[in-house]
Structures are given as C-alpha cells and as structure tokens.
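Visitor: According to TrEMBL, the record shows the following:
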| type | residues | note |
| --- | --- | --- |
| DOMAIN | 1-108 | domain 'Reverse transcriptase' |
| DOMAIN | 101-163 | domain 'Laminin EGF-like' |
| DISULFID | Cys131-Cys140 | disulfide bond |
| DOMAIN | 164-213 | domain 'Laminin EGF-like' |
| DISULFID | Cys164-Cys176 | disulfide bond |
| DISULFID | Cys166-Cys183 | disulfide bond |
| DISULFID | Cys185-Cys194 | disulfide bond |
| DISULFID | Cys197-Cys211 | disulfide bond |
| DOMAIN | 238-368 | domain 'NTR' |
Amino acid sequence: MVRTVVGETKSIAVTEEVHQGSVLSPFLFCLVLDSLTEAAQNSATWTFIYADDVAICTDSRAHLQEALVSWKHQLQTGGLVLSVAKTQFMSFNDPDTNNKCNCNGHARRCRFNMELYKLSGRASGGVCLKCRHYTAGRHCHYCREGYYRDPTKPITHKKACKPCDCHPVGASGKTCNQTSGQCPCKDGVTGTTCNRCAKGYQQSRSHIAPCIRIPRVVTAVQAMEAVDAEPGRAADQCGRCRAGARTLNLNKYCSRDYVIMARVVGREAGPAGTAWARLALSVQAVYKRAPRSRLRRGAAALYVRAADLACKCPKIKINKSYLILGVEKEGASSGLPGLMVGERTLLLEWRDDWHRRIRRLQRRAINCH
C-alpha cells in the first residue's frame with residue numbers, strides 16, 4: 001500500500017499476492033518492490049512507501065542490500081522515501097551473513113518477533129519454530145521437559161538431548177534435571193536415576209517407601225542409660241564397641257535357638273563372685289525356641305557381662321523392648337540360670353513392623369538346614 005499526502009491510500013497492482021504475516025521469499029520481495037518502484041515513478045503524488053514488520057528469509061542478503069540501494073535511489077528521484085527500518089533479513093545457510101535465526105540445526109523455520117527485536121537492541125528478533133530432536137527454547141538451545149543434555153555432545157548434535165531414565169519405583173517423578181539428568185528420588189533412595197538405596201537404608205517391598213532405614217542391631221546389651229560407668233574405669237579401657245550385624249534374614253533366624261521380643265524391666269547384680277550382671281526381662285512374644293526349651297512368655301533373666309554394661313557397649317534402656325536372637329547353649333555352658341548374651345547374640349531395638357517380618361521368616365523357616 002502507498003499512502004498519499006492527504007492520508008488516503010491507493011492499491012498498486014502486483015502480479016504476486018502475499019498473505020499477511022508470511023515470510024517473503026527473495027524472489028517475491030523483489031517483484032513487490034520492483035512493481036512499487038515502477039508505479040511510484042509514474043507521476044505519483046505519494047509521499048512515502050512503508051514496509052511494516054517485513055521478514056525476509058534469504059541465503060543472499062548482500063544481493064537484497066544492493067537492490068534496496070537501487071530502489072531507494074529511484075524513489076528519491078521522484079521525491080519519495082523507502083523506509084526499511086523494520087525490515088529484518090533472516091538466514092539459515094549463509095555463513096557470511098549475520099545469522100538472525102540460530103536454531104542450532106534443530107528447526108527448519110523461524111519467525112520474526114518485533115518485541116524481541118527491540119528488547120535485543122535491534123540485534124536479533126528471530127524465534128525458531130517447531131524445535132526437533134527433543135529441544136526447546138527460542139533458539140532450540142536446551143532440552144525439553146523429560147530430557148537432559150548429553151555433556152559429551154554439542155547442542156547442535158541430533159542426540160544432544162537424552163530421555164530421563166528415572167526409576168519407576170525409586171523416583172518420585174519422571175522429569176529430571178535438564179542439565180545433570182538427576183531424577184527426584186524418594187526418601188532413602190539415591191543415584192542419578194534413583195535406582196539404589198542410600199547409605200544406612202535397605203530395600204523394602206513397598207513401592208511407596210522402597211528404601212527404609214536399617215534398624216540398629218547390637219551384639220551385646222548396652223549399659224542402662226541411668227547407670228554411670230564404674231568409678232575409676234577410664235574410657236580408653238573400654239575401646240570401641242564391636243560392630244554387629246545390621247540385617248535380619250532367614251540365615252540368622254535359622255542359626256539361632258530362640259527368637260523373642262522382651263522388655264527390659266530392671267537390673268540387679270549377678271551371682272556373687274562372677275563378672276555378670278542380671279537384667280530382668282518381661283518376655284512378651286516367643287517366635288522361636290529349641291524343642292526342649294523352657295522359654296515361655298513372662299518373667300525371664302538375661303545375663304550380660306558387667307564390663308559391657310560399664311562401657312555402655314552398646315546401650316540399653318529400662319522399659320524398652322528388644323528383639324533378641326540367641327543360642328541357649330551359651331548360657332548352659334556358663335552355668336547361669338537364664339539367657340546369656342554371647343558372641344552370637346543379636347539384639348535389635350523393637351519396631352512395630354518387626355512382627356510381620358518375623359512372621360514371614362517363620363513361614364520360610366521350613367527351609368532351615
């Protein structure tokens with residue numbers, strides 16, 4: 001359209017029509033400008049020709065620049081001005097041009113955005129369309145949701161974005177960090193894809209909490225919290241507590257004579273002249289016992305070396321329940337009238353979920369050798 005002095009407009013016949021908003025090809029753009037220039041020079045009364053927000057996709061910007069100079073010169077001889085302030089040239093393939101649509105090889109088309117052009121200080125207004133290869137962004141310069149960057153490949157590579165491989169059970173979602181690929185893990189789960197339990201956790205059969213804390217397992221009864229170390233006994237005489245097993249499995253269940261749940265209700269001195277201390281127990285459940293054992297629910301005694309209690313290695317609390325696995329012959333060989341904490345005794349702080357777990361071990365105990 002060409003505007004007259006009084007503000008009216010006049011249509012100039014052009015053999016090629018262009019849909020509003022489309023990107024002009026170099027050939028079509030030349031046809032339009034040639035027709036406008038020729039018509040404007042034939043005793044026209046128009047003051048200027050204005051191309052508003054025109055985007056030209058070309059591989060030969062230099063040729064168009066030369067044509068623009070020629071058109072402007074011809075129009076100026078007739079007292080007309082050609083404004084190209086808002087005209088942008090976009091190129092995908094010409095390395096010698098100022099590339100305005102850098103799509104990193106992941107898009108075939110782009111569009112011109114005037115607002116972005118202004119915000120960039122008239123440096124670039126190109127926006128890539130339909131980014132491929134799982135990329136996203138104005139320049140197809142980062143990975144779309146559900147994918148992350150492969151650090152071994154440049155962003156221009158077709159396989160620069162890899163799919164997130166979050167574990168279906170260990171991860172709390174399917175979307176990973178787009179830079180590192182780290183998946184969001186559930187409590188107690190670790191790994192880039194959330195595929196293993198963290199330190200201090202063990203695998204469970206729950207899909208909600210696939211990793212649970214490993215219960216503290218001890219091999220000797222701890223000294224009671226309220227009982228101080230024996231007078232004159234230096235801490236360096238105790239040394240470090242011997243580390244015990246941290247898991248309860250069928251093998252440990254089968255290799256012990258008895259498995260009970262008992263509450264520690266008191267403590268008293270052991271037989272005179274011995275190195276033992278006596279803990280009073282209230283046996284609340286008997287899960288396993290030897291064929292001729294007299295172990296029953298109710299009151300029972302557990303003998304622990306006094307030195308272990310004095311060193312609090314490990315610690316036990318009054319009125320707290322424990323799961324105890326032991327061998328009866330250890331107590332019989334010592335001549336003590338009750339259970340004894342020996343080298344093969346295991347103590348675990350009682351938890352509510354122990355009951356169901358031990359019941360499962362009982363059902364599987366037919367496989368004990």
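Cβ from N, Cα, C; glycine included.
A TrEMBL annotation is a machine prediction, not a hand-curated record.
I'd like to know what surrounds each of these features in this structure.
Guide: Using DSSP to sort the residues of the domain 'Laminin EGF-like' (101-163) gives these counts of helix, strand and coil: 6 helix, 18 strand, 39 coil.
With a 10 A radius on its CB, Cys131 (disulfide bond) counts 21 other CB atoms from all the protein chains.
The DSSP secondary structure for Cys164 (disulfide bond) is coil. Counted within 10 Å of its Cβ, the other Cβ atoms near Cys164 (disulfide bond) come to 21, all protein chains included.
A simple way to gauge crowding: the CB of Cys166 (disulfide bond) has 23 other CB atoms within 10 angstroms, across all the protein chains here.
Reduced to three states, the DSSP call for Cys185 (disulfide bond) is strand.
Cys197 (disulfide bond) falls within a strand segment according to DSSP. Listed in sequence order, Gly188, Val189, Thr190, Gln203, Pro210, Cys211 are the same-chain residues at least 6 apart in sequence whose CB falls under 8 Å from the CB of Cys197 (disulfide bond).
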Visitor: Do any of Cys140, Cys164, Cys166 (disulfide-bonded residues) have a CA within 10 A of Cys185 (disulfide bond), and if so which?
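Guide: Among Cys140, Cys164, Cys166, the ones whose Cα sits within 10 Å of that of Cys185 (disulfide bond) are Cys166.
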Visitor: What count of other C-beta atoms do you get within 10 angstroms of the C-beta of Cys140 (disulfide bond), across all chains shown?
Guide: 27
Visitor: Note down the number of other Cβ atoms within 10 Å of the Cβ of Cys211 (disulfide bond), including every protein chain shown.
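Guide: There are 23 such Cβ atoms around Cys211 (disulfide bond).
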